[in-house]
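Record features (TrEMBL):
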- B:63-108: domain 'NADH-Ubiquinone oxidoreductase (complex I) chain 5 N-terminal' (DOMAIN)
- B:124-409: domain 'NADH:quinone oxidoreductase/Mrp antiporter transmembrane' (DOMAIN)
- B:607-671: domain 'MrpA C-terminal/MbhD' (DOMAIN)
- B:682-762: domain 'MrpA C-terminal/MbhE' (DOMAIN)
- B:70-95: transmembrane segment (TRANSMEM)
- B:107-124: transmembrane segment (TRANSMEM)
- B:130-147: transmembrane segment (TRANSMEM)
- B:240-256: transmembrane segment (TRANSMEM)
- B:268-289: transmembrane segment (TRANSMEM)
- B:296-314: transmembrane segment (TRANSMEM)
- B:320-341: transmembrane segment (TRANSMEM)
- B:362-380: transmembrane segment (TRANSMEM)
- B:400-424: transmembrane segment (TRANSMEM)
- B:445-468: transmembrane segment (TRANSMEM)
- B:495-516: transmembrane segment (TRANSMEM)
- B:564-581: transmembrane segment (TRANSMEM)
Amino acid sequence: MKTIILRTASNYMLPLLLVFSVFILLRGHYLPGGGFVGGLIASIAFVLHAFANGLGDTRQLIRFHPGFLMPTGLTVSFLSGVSPIIFAGKPLMTGLWYPHHLPIVGNLGSALFFDIGVYLVVLGVTLTIIFTISESV
Amino acid sequence: MLSAILLGFIFSIFLVFAGKYFKGKLAVLSSLVPLVLFLYFLSFIPQVANGEVIRANYEWVPSLGLNLDFALDGLSLLFSLLITGIGFLVFAYTAAYLKGHDYLDRFYGYLGMFMGAMLGLVLSDNLLSMFIFWELTSISSFFLIGFNNTSEASRKSAVLALAITGSGGFLLLAGALLLGGVAGTYSISEMVGLSDSIVQSESYLWIVLLIFGAAFTKSAQFPFHFWLPGAMKAPTPVSTYLHSATMVKAGIYLLLRFTPVLGGEDIWNTTLITVGGITMFYAAVHTLFRTDLKGVLAYSTIAVLGLLVFLIGLGTEYALTAAAVYIIVHALYKATLFLITGIIDHETGTRDVTRLAGLRKVMFPVAIAGFLAALSSAGMPPFVGFIGKDLVYESTLHMGSWAIVLTVLAIATNILVLYAGFVAGIKPFTGKLPESFSKVHLPSFLMWLPPVILAVLGLVVGIFPGLIDGPLVQPVVNAVGIDDSELHLKLWHGFNTVLGLSALTLGVGFLLYFLVKPSKAKEKGVARFDFIAPLTLVNNFGNSFRTFSNWWTRIFQNGFLRNYVSTIILFLVVLVGYSLFSDHDGIPIDFSSFSRMTYYEMIIMGIMFLAILFVVGARSRLTAVVAMGVVGYAICLMFVIYSAPDLAMTQFSIDTLTVILFVLVLSSLPKYLSISDYKMKAIDGVLSVSFGILITLIALEVLGEPVNKEVSNFYADNAYVMAKGKNVVNVILVDFRGVDTLMEISVLTIAAIGVFSLLKLRLRRDDRELKD
Amino acid sequence: MEVLLAIMVGTLYASGIYMILRRSLVKLIIGIILLGNGANLLIFLLGRIAKGSPPIIPGDSKVFLEAYSDPLPQALILTAIVISFGLQSFAIVLVKRAHKVVKTDDLDEMNATDEYS
């Protein structure tokens with residue numbers, strides 16, 4: 001499948017899809033989207049890249065093992081969950097909000113960081129599974 | 001008082017962490033725990049002797065009537081002192097007996113746990129907490145009997161003991177619940193006041209039988225006695241402590257405790273006299289046929305337990321006083337004899353009484369202790385045993401028309417108990433020392449001092465009965481419901497019938513001891529009757545039960561995944577289908593509420609249906625995978641049509657990834673097999689289709705019912721107000737149910753780690769194997 | 001339409017169970033996936049379905065002004081879909097592993113695990 005067309009296309013597709021996935025992630029609180037879908041789209045982007053250029057290239061592109069995304073994402077989500085306890089003395093998972101409005105994101109709150117954690121975990125899980133399986137075939 | 005009970009448990013937990021420091025010389029420090037408790041309980045004697053009851057209440061689960069209520073009256077105090085006092089000596093003895101044992105810390109842990117549980121049992125005033133402690137004693141006994149866990153016999157005995165005492169605990173729970181229901185309270189001291197209404201209630205017979213079941217199993221009454229000789233597989237300190245002095249007396253305690261509540265009725269007295277009488281005579285006769293010292297002592301312990309039940313059954317003032325005294329008497333001399341047996345076993349390596357002789361020459365203090373204990377068990381004046389036996393005869397003689405039968409039974413038992421005491425306490429020390437034992441030496445004082453202390457106590461208390469009369473025996477008699485007892489312990493009653501009977505007992509006993517020698521031949525002779533022994537019957541029952549369960553397991557757990565699935569599905573279809581159709585005539589389906597069909601929906605449905613058919617009928621893996629992808633995309637379109645954009649996006653991505661995944665591994669997956677024959681396929685087909693129809697019907701049935709949207713509406717109404725989000729699905733995921741999502745992504749991570757380790761780590765091991 | 005969807009759910013269940021009952025390992029996995037899809041669709045259907053009213057608060061308003069489809073089953077199914085991916089991949093890898101170790105694809109021959117320790 002390593003045709004030149006696909007390879008060239010995937011080189012442009014990868015950043016586009018990644019930007020799209022982040023866009024989906026950020027708008028998730030207001031419109032369809034969110035961390036789960038965003039993470040899945042991002043992983044499809046990488047898998048597509050791997051199909052076109054081979055697994056080695058994609059690995060080199062990412063530089064670190066995608067497995068590290070899992071603990072990172074879990075930590076982000078967990079911290080956003082406990083941050084109300086630490087910063088505001090409120091119960092677990094209480095939403096904390098930045099008072100001003102931001103473009104695209106809308107209101108910035110702890111829920112967004114939670115979603116970012118979900119995004120990272122989903123991306124890490126999918127890539128780990130697919131990379132591991134395709135390596136050991 | 002709670003801390004006193006908990007101390008044993010705290011000590012065990014402490015040993016979990018600090019156990020390794022307590023294996024060496026420090027082990028003897030453990031005995032400080034029971035010593036402190038012993039002194040603590042001693043300090044209550046003056047109060048309790050004045051008739052006070054010390055109470056401590058802690059709420060635990062008040063809604064269930066389960067509270068930690070403790071009460072210390074005469075009966076509890078006597079047992080507490082036995083538990084901690086003998087506990088102290090046993091703890092110290094163990095330090096030398098099991099010196100250098102690998103698991104000494106574990107042993108102390110079990111002992112500490114047992115001590116705590118036993119104290120809790122005798123101090124509980126709440127029936128339910130009493131049950132909990134009762135079970136804890138059974139469990140710690142299980143661990144202690146099976147302490148030599150490398151020996152199969154010891155493991156078997158432990159399981160047997162747990163099975164018997166554990167089922168007794170179950171009976172106790174049932175009895176306790178029934179009793180609590182009748183009395184309206186679980187407090188034992190309140191039940192005493194309600195005695196009349198309990199006795200007259202309909203459940204009285206059941207309550208009594210259940211409590212008897214508990215007491216008889218724990219205190220090894222016929223026909224449940226057989227676990228106790230087996231329990232002698234435990235190290236000797238355990239036999240001394242649990243299976244002679246304390247735990248087996250828990251049943252006696254239970255009966256004494258409930259005498260004021262349930263006693264005084266015919267069924268109570270007759271049953272106890274009969275069972276106790278049979279047990280004491282049966283077990284006492286058995287001692288004649290044993291050659292293992294511990295076997296002799298085990299059966300004589302059962303005989304004494306039978307005697308105690310018998311005395312509680314008599315229920316008179318004399319009898320209950322006799323029981324209280326006999327508990328002390330027995331604890332003193334039987335513990336001594338067990339400890340001595342332990343010393344002999346430890347130093348000579350045998351417990352075979354036919355081989356032991358002349359040991360007085362090498363271990364004189366032990367011989368003294370044995371001699372004193374044997375005389376006390378024989379009931380020689382001026383030992384405390386004499387007082388005990390006196391009271392027993394007094395009480396049987398006062399039983400009216402049955403007096404002669406009961407007295408003869410008591411005398412016969414006492415003669416045989418005397419024989420057992422002499423065999424264990426005197427026989428090993430008299431006669432000529434065999435050549436092989438000439439190098440035997442006296443063990444550390446930690447081992448020989450405890451039996452000497454106990455034996456001397458037996459003598460001292462006999463000479464000065466006032467030492468136990470006021471402080472211990474009278475409060476016990478008060479506690480079991482007899483106020484202002486006029487009966488006081490005396491060594492000398494003058495020349496009367498009772499004295500004559502005592503003399504008769506001693507005379508016949510001595511004669512028996514000199515005429516009948518324990519021998520292997522007799523032991524074999526009695527073994528012929530093993531086939532009708534309760535133990536054999538229980539074992540046979542156990543074996544056939546095991547055969548049955550093996551057969552049962554082979555039928556249902558046969559290792560064929562398909563059989564499991566089809567069994568489950570079949571039952572589901574039959575049961576749910578039956579209840580679905582038996583309730584009403586048909587399924588009410590309200591077609592008017594359903595949305596209308598459009599042609600593109602029909603097309604999507606048609607495609608999906610075809611795709612499913614392709615998946616099922618495909619001959620190649622690739623066809624199946626592609627068709628499955630089509631099914632997924634069709635579902636995705638359904639989500640789009642029915643206003644679930646988030647689901648549609650997720651389903652689309654996941655479906656894509658699944659297909660990619662399958663394509664990646666397809667080459668390395670096994671070939672697509674079609675092994676089943678047509679008959680099998682037809683059966684499975686019918687089963688699956690009926691299951692599918694069932695699900696469809698259930699779905700339609702549910703659609704016909706009104707739906708409760710309370711939760712959904714709460715989320716929808718508050719999505720923006722409380723969580724500042726407009727996509728309600730996302731708000732639920734990241735905000736309202738955020739913790740669930742956190743758990744979910746953790747599960748995902750675990751799945752990924754599972755995949756990774758299954759492929760990477762195992763492969764590396766295979767590589768290593770290949771290299772080897 | 002609901003009737004048709006209910007029948008479709010039933011078909012998914014039936015085909016899933018049928019595939020699980022086959023002796024081939026790969027068919028087992030396919031059966032599990034079909035069953036999972038059926039379960040998702042069932043939950044979706046039982047939450048009541050409606051066209052053209054996603055559970056998203058429109059424009060400038062702060063609460064729903066019109067009817068909306070139930071967000072709760074959707075949230076449940078969303079996580080279920082993602083989890084099922086984890087389950088599928090794990091099952092696939094497990095089958096691969098089992099196939100390699102036991103060297104058979106016949107489930108009926110895998111009924112005694114002890115032999116392959």
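Glycine too: its Cβ is placed from the backbone N, Cα and C atoms.
Predicted automatically and left uncurated, TrEMBL annotations should be read as such.
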(message) With a cut-off of 8 Å between Cβ atoms, can you find at least three pairs linking the transmembrane segment (B:445-468) to the transmembrane segment (B:268-289)? Only pairs 6 or more residues apart in sequence count.
(response) no
(message) So if I exclude everything within five residues of the ends of the transmembrane segment (B:70-95), which remaining residues of that chain have a CB under 8 angstroms from its CBs? That is, six or more out.
(response) 1-2, 5, 27-28, 30-31, 33-35, 37-38, 40-42, 44-45, 48-49, 53-57, 104, 107-108, 111, 115, 118-119, 122-125, 188-189, 235, 237, 240-241, 245-246, 249, 253, 256-257, 324, 327-328, 331, 335, 339, 342, 446-447, 449-450, 453-454, 472, 474-480
(request) For the transmembrane segment (B:107-124), find every same-chain residue at least 6 residues outside the stretch whose CB is under 8 Å from a CB in it, and list them. (result) 1, 4-9, 11-12, 15-16, 19, 22, 27, 30, 33-34, 37, 68-72, 75-76, 79-80, 83-84, 87, 90-91, 94, 98, 101, 130, 132-134, 136-137, 139-141, 143-144, 147, 188, 235, 237-238, 241-242, 246-247, 250, 253
(message) Quick test of the contact rule: Cβ under 8 Å, at least six residues beyond the ends. What residues does that give for the transmembrane segment (B:362-380)?
(response) 300, 329, 332-334, 336-337, 339-340, 343-344, 347, 386, 388-390, 414, 417-418, 420-422, 424-426, 428-429, 433, 437-438, 440-443, 448-449, 451-452, 454-456, 458-459, 462, 502, 505-506, 509
(request) Tell me, please, if the transmembrane segment (B:400-424) and the transmembrane segment (B:296-314) are in contact, taking contact as 3+ Cβ pairs under 8 Å between residues separated by 6 or more positions? (result) yes
(request) Using a Cβ-Cβ cut-off of under 8 Å, list the residues of the same chain that are 6+ residues beyond the ends of the transmembrane segment (B:320-341) and lie near it. (result) 78, 82, 86, 89-90, 93, 236-237, 239-241, 244-245, 249, 252, 256, 259, 293-294, 297, 300-301, 304, 307-308, 311-312, 351, 366, 369-370, 372-374, 376-377, 384-385, 387-388, 391-392, 394-395, 421, 424-425, 428, 447, 450-451, 454-455, 457-458, 461, 468, 472-473, 476-477, 480, 482, 485, 487, 489
(message) For the domain 'MrpA C-terminal/MbhD' (B:607-671), report the average pLDDT of the model, please.
(response) 88
(request) Quickly jot the same-chain residues contacting the transmembrane segment (B:240-256) by Cβ under 8 Å, restricted to those at least six beyond its ends, or write none. (result) 75, 79, 82-83, 86-87, 90, 93, 111, 114, 118, 121-122, 134, 137, 141, 144, 168, 172, 211, 214-221, 228, 231-232, 234, 272, 297-298, 301, 305, 308-309, 312, 320, 323, 327, 330-331, 334-335, 338-339, 342, 476, 479-480
